[in-house]
């Protein structure tokens, strides 16, 4: 999880984001009905954010794919001299630390942990790199200049940080419809190949016809997702000759509908629901995944009941509402609309979406703003450290230490230690150069002293020889000339040595005047670096020491394009809308799930009167319990027979994180209203995640503070008054005591303590990988009740953000997992209507569609 991680747009998006991303599926026993958390007292234990890097926070950028050449000269295994760092971060230094790791165009502190799909980045990058002269024509520049002359001068103000408001260029038409549906426009997916074997094995032209029908059908749906797209309407609007093969059009339409690519969410039905229901399904939990699955199954003609332990729906999508105050306690960010199914839902529901501005000034513990140069320098080093850990993992295969998987936190500390060692090595090398130069100078001076004595002696001899009055004989004349020659040679040699002396003294002076840094990071630099680490811990909802070094950002390549947005009227509007018309039993906590070859039985209790027990019989159970509830010991829900070892092992290996929020409702705005985010730099590494980021997202004067990393768990054991007091102390340090009033309302989330969540969202723990998400998604088939009996069919299914490998920890991931399981269950019990030639009869298990 860089997200996750990245184009020029991502660079702009950088400051924004990891804040409570999307929410996961329901809760143990169902979520509540009205996803709002109405005026609750401070201390409300409400849903946490679900989603790695929810939009809006400066989410740390995720590492790029591994490269062939080592970044920063990090060519030796851990323990060696380490990355070749150049100048290091020192107090007052304005030069970025040069670890040698290439800088990327990634955005800083963005809610997107992940980068946008590469194939749609080129246009955006080229536009972002244009100068103003290149971007505007000469006429436009002249017109602009004339217009500016007529305008009155603006009032003086601090120059704002540049914000890149451009959106990545996305394909349009049928190609764009495939893109928005997360499908390749020019080839069949492996799932389509399995469902349409006659097409994939046929001629190329047949596949092209299939792809056009598929893409055009998607386009028709996306053009108007408020109304059901029927087969008849599709056939009528398909252009000739693609509408000639009605059987193929019907199969494609059925396939897209069954798998939640069209006719999903909240839309007006053209065809009424079948009066006779086929098959009974119990869904545990009314979070987004459970609600999405229920609506689909209901539209397919199945009898569906949701069991929700809370008194509202929505699960970890929970909105606090009181008067004019609105604030999301759980998921609150839409991480880009390009390819996001929430883009469709946002057209169906009144979601008031607003872009999150990425500017995010940092304030130190003393309340002073971090200088921009220092901020950028440390952030650059943070990105380089991540690059170095990627190189350690993917190129040097440094993933196991002492027979234990290496965490991202461990690797970062290793790289930092290597950099510190490198600094010491540079110091040693520097002093060696000084000593060597001094030795050379000493040796030179000794030579010069000896030479001077020789010159003195020779000069005396020359003087004496010269005093012989002429006429001198040949011997005497030769002696004078030879002494003169020797004296000239020695003087020349002395001059050369004197010149060398000057150079050595200059070199020595330069060495002594320019010592290398004696530290890799000053204490101030480390505090700012810890802020970035806290932001990364926020994006993943867990301390870095628990994240898998190799796989923490395995979902990076599936990040959606576009700006991150917040739902200003509260994210709970989505689950409330999805819940309309469904049979939901609130305050009903599931205690036991029995599944056999012949059917299932779910035993639940009333949460307000646990003596009241309910038994529900059904053909299949869809479990959308959060991973935190599945991990709970002793188990909150008993499965009979117990879940197989492969499933429980995946549950144990995967991580379920924690992230909390403090909502502060004021009577007036005392912060910069143009800024959506500002950060608070902690004074210690241990407290780096404590109230490290403040959000200003809503119309009312509300600030939302985040608590991440180790601090998220510690804070759950502290009273609301202490937490709110700490928030106010930080704000007064930044804005001044007189500027900060007492809040009118406060709410503190405690997601780990929430019995129906037990945390915020999943992460890839050390020892886990993306494969575990696939294992979590696999249904369970009970063993045959009688030896030799026909092989039973799956009865127990799983959905939720922890079951979708490519989009974990997000609301859209939860939604997609619900659509996936609804298709799987319907294929199993109603038959796959898009297959040829055999059609399964209702009620009779049909050939199973491939895993989605």
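Cβ atoms here come from the backbone N, Cα and C positions, even for glycine.
Between the listed residues 93, 466, 611, 687, Swiss-Prot assigns phosphoserine to 611, with no corresponding entry for the rest in that record.
If you compare 404, 469 in Swiss-Prot, the SUMO2 cross-link annotation sits on 469. When the ranges 26-67, 110-151 are checked against Swiss-Prot, the one recorded as coiled coil is 110-151.
Looking up 436, 454, 463 in Swiss-Prot shows the N6-acetyllysine annotation sitting on 436. Comparing 372, 442, 507, 647 with the features listed in Swiss-Prot, the residue bearing the annotation SUMO2 cross-link is 442. Among 289, 299, 346, the residue that Swiss-Prot places alongside 308, 310, 316, 332, 333, 801, 810, 811 at the FAD binding site is 289. In Swiss-Prot, the feature N6-acetyllysine is attached to one residue out of 433, 631, 744, namely 433. A C-beta separation below 8 Å, combined with a sequence spacing of at least six in one chain, links residue 611 (phosphoserine) to 605. Across the domain 'SWIRM' (174-273), DSSP assigns 57 helix, 2 strand, 41 coil. In the structure as shown, the Cβ atom of residue 432 (N6-acetyllysine) sits within 10 Å of 10 other Cβ atoms. Secondary structure from DSSP puts residue 436 (N6-acetyllysine) in a helix.
For residue 433 (N6-acetyllysine), other Cβ atoms within 10 Å of its Cβ number 13. Cβ contacts within 10 Å of residue 436 (N6-acetyllysine), excluding its own Cβ and spanning all protein chains shown: 11.
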